[in-house]
Structures are given as structure tokens and as C-alpha cells.
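Notes follow the structure.
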Amino acid sequence: MSEDQELSRLEKQWKNRFERYTSPEPTTEQTFRLLARIKETEETKPADLRAELEAAQSAQSDASKLAGLFLAQWNFYGLRSWLLTGIVMLLLSVMINAGTGNEMSGLLAWMKGGSLVMIAVMGYAFRSRNKGNDIVEVLSYYSLTHQMFARFIIVMALQVAITLPLSFLILGGESSFSYVLGSFMPIFFFGTIGFTCAMWLGHRAGVMVTLFVWLSQMLLDRGGKTLSMFQLPWNEHVIGMTVGMAGLAGLLLCSVLLKNNLKRDLQ
């Protein structure tokens with residue numbers, strides 16, 4: 001018998017064996033054991049922590065999400081970093097109160113110094129600490145815009161808490177709502193410029209642009225009081241300038257909202 005015939009015979013023989021082979025039907029006990037093993041495997045499988053976190057966050061109310069956002073941003077830099085602005089403003093106000101002879105020059109110096117401190121604080125709050133923190137910000141449950149806006153609100157809240165008592169320290173018995181509003185509006189305005197420029201241009205460029213606007217106001221303050229943002233409460237242009245700064249600050253904040261919506265649409 002030739003080699004080819006032998007191979008053909010073996011092929012047919014094994015083919016017939018495979019065709020006659022049938023898998024044995026599992027018993028009921030074997031089926032239950034298999035199901036138990038599958039269930040045990042599912043229970044011991046590592047949990048998807050991110051999926052569980054997203055599910056838990058989705059079940060939260062809007063108020064809980066908002067509180068979590070502000071708490072996360074407060075803890076991101078820590079209590080010491082956030083209260084640094086309060087210490088600086090306190091020292092600034094005490095120095096102004098002790099170094100000025102009258103309340104008019106004291107209030108102007110405080111408004112200018114407070115707005116400059118606000119620029120520094122905004123740059124400090126929006127700074128990039130390291131690459132690790134940058135990655136955490138990007139991967140956070142909250143968008144980067146929401147994180148930055150929460151820091152902006154925290155800084156503004158600290159400034160309000162500082163401005164109210166310190167306005168009485170500088171102005172004494174002459175303090176009134178118009179005095180407090182007039183002294184706080186430039187600080188709020190420059191804080192808004194810093195936040196908006198940081199969102200549009202980045203951290204460093206935002207600080208530079210805001211500082212340029214502040215220096216421009218210093219020059220306008222020397223040339224004439226009409227276009228100066230630092231208006232004393234008894235000046236005739238204070239109402240118009242306050243309303244103008246509030247309106248422009250609102251437009252700047254709306255531009256950040258528009259930028260966020262455009263980015264979402266492009267994605």
C-alpha cells in the first residue's frame with residue numbers, strides 16, 4: 001500500500017470517529033456548579049470605581065453638586081492659601097489707615113491697592129501648581145470652567161467679607177452703602193477681568209492683560225478723573241462709572257459662558 005493510500009485511510013478513519021462523537025449532556029449538579037462559579041467570578045471581579053462614582057454623583061441633587069464643587073475647590077489649595085488674601089488685605093488696610101491724613105486719600109489708596117491685590121490673588125488662584133494637578137483638573141467630574149468660576153466666587157466672597165468691616169476701619173463714621181459699593185466695585189471689576197482673561201487667554205496672559213488695564217487706569221487717574229474707575233462716592237461721575245463697570249463685568253462673564261457653550265457644541 002502506497003503512502004498516499006495509507007494517509008487517505010487514516011483520514012477517513014479519524015473523520016468517522018469525529019462524526020460519531022457527541023458531547024455528553026451535563027447533569028443538573030454540573031449545571032448548578034457552573035452557575036455558582038460564574039456568580040463567584042462576578043462577585044470577586046474588581047469594581048469599576050469611576051462608574052460607581054459617576055452613578056453616585058448623578059444621583060445627587062443640584063444643591064449637593066454645587067456644594068461639592070465649592071468644597072472641592074476650597075480643598076484644592078487649602079485653607080492657608082485661600083486665607084492669604086484676607087491677611088494681605090488686612091495688612092494693606094491697616095497700613096493705609098495709619099499712613100493717610102484724611103479719609104479721601106485713604107479710600108482712594110485702598111481702592112487702588114485692593115484692586116492690585118485682587119489681580120495678584122486671581123493669578124494665585126488660577127495658577128498651575130504642577131502637571132499632576134493639571135491632570136486632576138482635566139479629569140475632574142466638574143468642568144474646568146466650573147472649577148475656575150467656583151474659585152472666582154470664593155475669592156469674591158472673601159473680598160466682600162473683608163471689605164465690609166474694613167470700610168468702617170478706613171472711613172469711620174462716614175461709612176455708608178454707597179461708600180462700600182463704590183470702594184468694592186473696582187475690586188470686583190478687576191477680579192472679573194482677571195477671571196475672564198484667564199479663561200480666554202490662559203493664566204499668565206490673563207494676569208498680564210489685567211495688570212495692563214490697571215496701569216492704564218493709573219495713568220488716567222493722573223490725567224483726569226472723568227474716565228477713572230477709582231471714583232470717590234461723592235464725585236459726580238461715580239454712579240455712571242459704577243453702572244458702567246457692573247455692566248461691562250456682566251458682559252465679560254457672559255463671554256465666558258458663550259465660550260463654554262461654543263466649546264461644548266464643537267465637541
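Heads up, the Cβ atoms here are built off N, Cα and C, so glycines get one too.
These features come from TrEMBL:
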{"type": "TRANSMEM", "residues": "82-101", "note": "transmembrane segment"}
{"type": "TRANSMEM", "residues": "107-127", "note": "transmembrane segment"}
{"type": "TRANSMEM", "residues": "148-171", "note": "transmembrane segment"}
{"type": "TRANSMEM", "residues": "177-198", "note": "transmembrane segment"}
{"type": "TRANSMEM", "residues": "205-220", "note": "transmembrane segment"}
{"type": "TRANSMEM", "residues": "240-258", "note": "transmembrane segment"}
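Comparison of 107-127, 177-198, 205-220 by number of C-beta pairs under 8 angstroms to the transmembrane segment (240-258) places 177-198 first. Residues 107, 110-112, 114-115, 118-119, 121-123, 126, 148-149, 152, 155-156, 159-160, 163-164, 167, 171, 205-207, 209-210, 213-214, 229-233, 238, 242, 245-246, 248-249, 252-253, 255-256 of the same chain lie 6+ residues outside the transmembrane segment (177-198) yet bring a C-beta within less than 8 angstroms of a C-beta in it.
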